[in-house]
Structures are given as structure tokens and as C-alpha cells.
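According to Swiss-Prot:
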type	residues	note
REPEAT	45-74	repeat 'ANK 1'
REPEAT	79-108	repeat 'ANK 2'
BINDING	Cys332, Cys335, His353, Cys357	Zn(2+) 2 binding site
COMPBIAS	401-421	compositional bias 'Basic and acidic residues'
Amino acid sequence: MVHIKKGELTQEEKELLEVIGKGTVQEAGTLLGSKNVRVNCLDENGMTPLMHAAYKGKLDMCKLLLRHGADVNCHQHEHGYTALMFAALSGNKDITWVMLEAGAETDVVNSVGRTAAQMAAFVGQHDCVTIINNFFPREKLDYYTKPQGLDKEPKLPPKLAGPLHKIITTTNLHPVKIVMLINENPLLAEEAALNKCYKVMDLICEKCMKQRDMNEVLAMKMHYISCIFQKCINFLKDRENKLDTLIKSLLKGRASDGFPVYQEKIIRESIRKFPYCEATLLQQLVRSIAPVEIGSDPTAFSVLTQAITGQVGFVDVEFCTTCGEKGASKRCSVCKMVIYCDQTCQKTHWFAHKKICKNLKDIYEKQQLEAAKAKSEEENNSKLDVNSNCVGEERLEEAETRICQKNDNPKDSEEGEKESLQSDAGLEGLQEAAVGPQVSEE
């Protein structure tokens, strides 16, 4: 491989860097076809065109450069940054995913010893952190699609690798979401297919725990998905309407407050069944969840999500009540209290929500009244403060006016001086009287 020096750019390469920032994909494609353009050329800071495109959030440019052979793991930047680090810093989830799929290494550190995930966390790009932490290379899954050793057939049929990889790399661990992903794919929504999938999940879990660099987080995630698969198998065996019954069971709330008890129990059960009792992560989860009564915060789902995906709980975003998807924005038109991603999730949850919708509506109206009352009181208090300040300023102005008037009148000042002299003389007499006769030195 020819060594590329920093800053030694041809005119066409300089134009390429400009086009990445301000031009079109077509212009970049034309320049990349030139013999004078090296796809991995370095500017004076050691940045490649791919790094520029990643940092500027140009997804199509990144895909174009990767198709032309851009090195996703180039490490020539003056501070040791990689294309994945720039993608994570930009906060673009799609570009971060593209870099990972192209083979970007996640454990490379920069000059201050930070990985791409740590850099993203430092600048508050938590979605990118979650994507990086939950990424699982497709090659590692494809290993199970080929017969190994004395096996006559692979442990995982090749046709299941794609759908299974989608579930493995999801950042949403809500059990309803996982069941929905299974249900929407006919290849997965069969008992035989799920049997093979959950066994592969268990093998990956075991490998994560027994390898030299133990990965407890990935092992716990694989085990959790395996437990959901096994629950789906049980419902496919016993019920004719397939997985719809399981989804309803997971969403059904108790009469008092609508809390999904069955969902909480399934998540707690899956954590309890983790086969490696000595794992630090398992002990942390148990300590966090065990003292909490079912129905209280934190829920098992929130604790598990934070442990596996690294999502922070204090971020002010809304989650779908049905599937737990982040960024839901559609509210129930009646109660305004429950949020969904789309109409499908709303219809799925309606059987449970309709029982408490009226009560939630009353709570919402009460909250609105209290908020309006508090706002009016705050406005009244601010008006009183303004009025009192005005009165105080008026009094201060009056006092200043009087002082000025006294200073302007010379007679008053002379009389004041005389009075002060007389008072001083009187004070001297009082002092002499108080002292009394003195003993002379003679």
C-alpha cells in the first residue's frame, strides 16, 4: 500500500473536499472517477474525504465514498480520530450505522484514549452511543449459517440471518416491539424457525461469557431476546391466532392503574434465568429490581434498557406506550395522556386503554386547571412586584427632590449652620459640667 502524506493534495482532490461540503453527489462521483483523485487522500490535518463527509452529516456522500473503496478505519488523523468518531460526533444515526456496517472498529481510541462511543457520550449524542454499543457484525451471525465441524447442516438457516440480525441490533428492547418484529416477518413467525433462532442466541450468549474479553452486556441482551423467542414459541404452540394473543397479554393492564403486570413479570423472569450467576451485570440488575414492588419505579424494563443500551433515563423524550419506540409524538385525542408512534400502535393498545381513558382525561383536565391557576397567580405576583417597585421608585424620587430643594435655599443652610454651632457649644458646656473641678498641678 502506497503511503499517503498529509496535505499533499492534487487540485482535483481539493475540489473533492469542497464538493463534499457544498456540492452534490453527482459532482463528487465525477471527481472520484478521475485518475488524479485518491479516495483516501489526506488533508493537512490527516482527514480523509470520508471523515469530512461523516462529520458534515452527508449520508449519500459517505455511501458513495465507501463504494469507491474508502478506508473506514483510516487512523491518520492528527488526533487519532476515525470516520466512526466523526459520524458519532455529528449525531447522525444513519451515518453511524453505515460506518459500522462497513466494518468500522468500535474499540479504536483517539489521542486522549477515547473510543467513538465515549466521544459521542461526551457531546451528548446518546442515540449514536446506543447504536455503537448495540451493534453486532453480520459476519459473526453468518458463521452459524454454515455447517461447523461434524455438523451436516448449519445451526441457522441462511434465510433467517437477515431478520434475526435486525432484531439483534435493535436498540428498542421492549418485549412488544420484539414480538412485533417477529410477527411482521413470516419467516420468523414459525415455531421451527424460532427454535433455531433462540438456540443460536444461547450459543452467542455463551461465547460472550467464555471469551477472553468477556462481554456481559451483549450476553445479557442475547439471553433476553432468547427468552422472548421462547415465550413466542409457547404461544405459537398453544394458540391458533399466533402472536396477537401474546401482544395483548403483554399490554393488558391491571384494573387499578393499568400497569402491565405480565410484561413486568416476563422481563424479571428473563433476568432471573440468566445462567451466569457470577456476572457483575446480573448482580447489579438484581439489586436494582428486587426491592421494587411490581408497579413502582423503576420498572424492570427501564433498568434493563439502561444497562444494555446505555440510554439515559433523564433525557426529555417521549416513548410509545405500546412498543416503547423512542420519539413517539401522537397522543390519544380524548385523554391527551397516552402517546403512540402511529395509528397501528394505538389500535393495538385500545383494548387496554379504553378502560382507563376517561379517568386519564379527568386527570389531564385537573392538571390543566391547576397549571392555569398557577400561571395566573404567578402573573398576579409579578404585577404586584412591578407595582411595589414603582411605588418605591416614586418615594425615592420625592426624597431626592426634597434634599435638592434644601440645598438650593441658602437661608435655610445658614440657619442650619447656626443651629449646628449652637448645639456644638451646648455640647461643650455639658462636657465641662460633667467633668467638674480639676485638681491643679500646683
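All residue numbers here begin at 1 and follow the chain in the order shown.
Here the Cβ of each residue, glycine as well, is placed from N, Cα and C on the backbone.
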For His353 (Zn(2+) 2 binding site), which residues of its chain lie six or more apart in sequence with Cβ-Cβ distance below 8 Å?
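For His353 (Zn(2+) 2 binding site), the qualifying residues are Gly258, Thr321, Cys332, Val338.
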Quick test of the contact rule: Cβ under 8 Å, at least six residues beyond the ends. What residues does that give for the repeat 'ANK 1' (45-74)?
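For the repeat 'ANK 1' (45-74), the sequence-distant neighbours (Cβ-Cβ under 8 Å, at least 6 residues beyond its ends) are 6, 16-17, 20-21, 25, 28-29, 32, 39, 81-84, 86-87, 89-92, 94-95, 98-99, 102-105, 108.
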Could you find out if DSSP has Cys332 (Zn(2+) 2 binding site) as helix, strand or coil?
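Looking at the DSSP assignment, Cys332 (Zn(2+) 2 binding site) belongs to neither helix nor strand, so coil.
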List, in sequence order, the same-chain residues at least six positions removed whose CB sits under 8 Å from that of Cys335 (Zn(2+) 2 binding site)?
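Listed in sequence order, they are Cys357, Lys358, Leu360, Lys361, Ile363, Tyr364.
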Per DSSP, what is the residue count of the repeat 'ANK 2' (79-108) in each of helix, strand and coil?
17 helix, 0 strand, 13 coil
If the Zn(2+) 2 site is taken as the center of the Cβ atoms of Cys332, Cys335, His353, Cys357, which further residues of that chain fall within 8 Å of it by their Cβ?
Val334, Met337, Val338, Lys354, Ile356, Leu360, Lys361
